[in-house]
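S.K.: What follows is a single structure, and I will ask about it in a moment.
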Amino acid sequence: MAEEDSSVKEGYAEIVVVRHGETSWNAERKIQGHLDVELNDAGRQQAEKVAERLSKEPKVSYVYSSDLKRAFETAQIIAAKCGKVEVLTDPDLRERHLGDMQGLVYQEASKLRPEAYKAFSSNRTDVDIPGGGESLDKLYDRCTSALQRIGDKHQGERVVVVTHGGVIRSLYERGRPSARKVEKILNTSVNVFRLFDGDKWTIQVWGDVSHLDQTGFLQSGFGGDRTSG
């Protein structure tokens, strides 16, 4: 009976949104944005752990991923464990473009790029970051539209989406618009969304990293989160 209860029903798509594994830049608190940084050893171990977890849960039909290496490599590891399903990349699942902030250590950004830092720190959601960066509004529109497209295509299925911290914060706002903003999005955290007919979103699971409980590298996944990695 429990098996049946956990299966995906018609009328909604179940989307397991996973943040990529750790990179050396996360650990060093360097700002990544659209810069293409690969996983470090801890990140690959995290990806293996979340892949093992998802392989024991209800069947995954497809894995979608940002086309940046840190997400795509995480997605490939998950796909290999979940029956060698196909990985489909979508640039709309990329992290927020952080303009002139990209490549800087977070603590030094305010001195080195004061205008960009001011825009990044603004409470307004319509402020673009100098150097080609996106506003929070642009990020929200881009990534919520991407997830809606995936949900519309996979009604009655369970799919995995591997993406980035800033994207996941925006998806949370779409799923729980009246809730307080979230800060920490941990590496390989599991967040389960259901997208119903008629554009209704619910969040079933949020920020679950129980698959990392027995590892020695969970703490190292905490760094760099304000850097939208």
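Any Cβ shown, glycine's included, is placed from N, Cα and C.
OK, TrEMBL features for this one:
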BINDING   ARG19, HIS20, GLY21, GLU22, THR23, SER24, TRP25, ASN26, ARG70  substrate binding site
ACT_SITE  HIS20  active site, tele-phosphohistidine intermediate
ACT_SITE  GLU95  active site, proton donor/acceptor
S.K.: How many Å separate the Cα atoms of TRP25 (substrate binding site) and GLU95 (active site, proton donor/acceptor)?
M.R.: 14
S.K.: When you tally the Cβ atoms that lie within 10 Å of each candidate's Cβ, which of the recorded positions (ARG19, HIS20, GLY21, GLU95) has the highest tally?
M.R.: HIS20
S.K.: Rounded to the nearest Å, what's the C-alpha distance separating THR23 (substrate binding site) and the residue listed as 'active site, proton donor/acceptor'? Just drop the number here, would you?
M.R.: 14
S.K.: Widest Cα span across the substrate binders ARG19, HIS20, GLY21, GLU22, THR23, SER24, TRP25, ASN26, ARG70, in Å?
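M.R.: It comes out at 15 Å between the most distant Cα atoms.
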S.K.: Report the member of THR23, TRP25, ARG70 (the binding-site residues) whose C-beta atom has the most other C-beta atoms within 10 angstroms.
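M.R.: Output for this query is ARG70.
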S.K.: For ARG19 (substrate binding site) and the residue listed as 'active site, proton donor/acceptor', what Cα-Cα distance in Å is obtained after rounding to a whole number?
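M.R.: Between the alpha carbons of ARG19 (substrate binding site) and the residue listed as 'active site, proton donor/acceptor' there are 10 Å.
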S.K.: Could you state the CA-to-CA distance between GLY21 (substrate binding site) and GLU95 (active site, proton donor/acceptor) to the nearest Å?
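M.R.: Computed Cα spacing between GLY21 (substrate binding site) and GLU95 (active site, proton donor/acceptor) is 14 Å.
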